[in-house]
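Everything below concerns the one structure shown next.
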Amino acid sequence: MMTAPLPDIAAPAAPPRRLPFSFAKRQGLLFLCLEEQYWLACRPQVELAAIAEAQRFAGRRLPLKALGEDAFNQALAASYQHDSSAAMQLAEDLGGSLDLAALADQVPETEDLMEQEDDAPIIRLINAILGEAIRENASDIHLETFEKRLVVRFRVDGVLREVLEPKRELAALLVSRIKVMARLDIAEKRIPQDGRISLRVGGREVDIRVSTLPSANGERVVLRLLDKQAGRLNLQHLGMSERDRKLMDETVRKPHGILLVTGPTGSGKTTTLYASLTTLNDRTRNILTVEDPIEYHLEGIGQTQVNAKVDMTFARGLRAILRQDPDVVMVGEIRDRETAEIAVQASLTGHLVLSTLHTNSAIGAITRLVDMGIEPFLLSSSMLGVLAQRLVRVLCPACKEPYRADEAECALLGVDPAAPPTLHRARGCGECHQHGYRGRTGIYELVVFDDHMRSLIHNESSEQEMTRHARTSGPSIRDDGRRKVLEGVTTVEEVLRVTREE
């Protein structure tokens, strides 16, 4: 091909849809507008197949304009210069590690990037967001579109915080790419959608649950990160006191009965159930679950997922499971009377049933089941115990700062202010990303039902009476929090934050 000097590139009044940058650079092809005429510029030794693909992309045949190597590179840079040269370097250098905010600033504002499947800056940005979230042990990533801005927030250790504010124009690109990764319908923006992404990051398998929601300013996306390693925990990893761990271990090894775990959303109930199942999973038991959704896949355990579209409810799944000769049954949540009745009957016919309830206290679970319509005499016969729990942030061991408790703190902790204990406060360092906390642990109230508690339930005693008896046999959830404060694991503020109703 003959080469021509670099022409003056005039920005067209209505620029055509450009070739994706990676294709243009790799194949040596570029759309140019010269004197109101569109050309397909090409560097030496370009492949005919690439020319044909570019013509197809343009939707019409464009005349060819041959350029030398240097001239082509200058034209390429000039054509994409408003994307910034940093963004072009970004598309090439896939292996580089870049600052998240800088990465967001470098992403070009062009829908053409969606044509790329492997090295688009928008994909690099999403990968960087996911990688940073996993490094910080975030449980959720929020992409929130407002009228004039786009915000990315992480929920780390139960607390939501803003980490990035990309250009508002990137909202549609980010949402579309996430939808592609989660195999959702990218054209459907009027209704909520749910999907799933599986990744391997740094040797760790991570599942991501994706939820989209239409809003006034565009779709909002929340990604729930599920670390598959968390499904391999056992009871020793949950931060229980020695007393609670031993009692819990004894309780889950009972041949039949119901054990409930209670607490608000995000308090670690599912993790506790999985740890209990892992403890029991010794190949001598048939363990089956019905969940919504399956958060972690457990080897050697049969797991079934609720599917409302085909009327596969907790109750229906539980009925089916009971025909599969189970020893242990885990029901993700008891939401209605039907599920509760089946669970109680299963426990009375020789099965161990584990499940969760959304109540604030351990004894509150009994009241909730009675309110659902379960007869107290059935509960008194079937219930083994209830574990109430919350999650508190753990102080960063590298920077936590000791200090003497003041009078108010001594009163909260139930200690003599004349001899104030040494407590610790959050400070912040590089190890914990300046947050002062690293990770979370549970605080618990385990009520194992004895004969007296069963008689109280059978006689329909008040919740206050049952609570008073529970306090005689073990600490409350706030008592367990106080213990962790005195041990330097967490702070008074954290315990108060999660136990305000106590």
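FYI, residue positions are counted from 1 along the chain as it appears here.
Glycine too: its Cβ is placed from the backbone N, Cα and C atoms.
According to Swiss-Prot, the protein carries these features:
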BINDING   Gly263, Pro264, Thr265, Gly266, Ser267, Gly268, Lys269, Thr270  ATP binding site
BINDING   Cys396, Cys399, Cys429, Cys432  Zn(2+) binding site
REGION    461-480  region 'Disordered'
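Sequence-distant neighbours of Cys432 (Zn(2+) binding site) (same chain, 6+ residues apart, CB-CB distance under 8 A): Cys396, Ala398, Cys399, Arg438.
Between the binding-site residues Thr265, Ser267, Thr270, the minimum number of other C-beta atoms within 10 Å of a residue's C-beta occurs at Thr265. Same-chain residues that are not part of Gly263, Pro264, Thr265, Gly266, Ser267, Gly268, Lys269, Thr270 yet have a Cβ within 8 Å of the Cβ center of the ATP site turn out to be Thr356, Gln389, Arg390, Leu391. Shown in sequence order, Pro397, Ala398, Lys400, Ala426, Arg427, Gly428, Gly430, Glu431, Gln434, His435, Gly436, Tyr437, Arg438 are the same-chain residues outside Cys396, Cys399, Cys429, Cys432 whose Cβ sits within 8 Å of the Cβ centre of the Zn(2+) site. Ser267 (ATP binding site) sits 26 Å from Cys429 (Zn(2+) binding site), taking the Cα positions as reference. Cα of Gly263 (ATP binding site) to Cα of Cys429 (Zn(2+) binding site): a span of 31 Å.
Each of the binding-site residues Gly263, Pro264, Gly266, Gly268 was assessed for Cβ neighbours inside 10 Å, and the highest tally belongs to Gly263. Broken down with DSSP, the region 'Disordered' (461-480) shows 15 helix, 0 strand, 5 coil. Same-chain residues at least 6 positions away in sequence with a Cβ under 8 Å from that of Cys429 (Zn(2+) binding site) are, in sequence order, Cys396, Ala398, Cys399. It is Cys399, among the binding-site residues Cys396, Cys399, whose Cβ has the fewest other Cβ atoms within 10 Å in the structure shown. In sequence order, Val261, Thr262, Gly263, Thr356, Gln389 are the residues of the chain that are 6 or more apart from Lys269 (ATP binding site) and have a CB within less than 8 Å of its CB.
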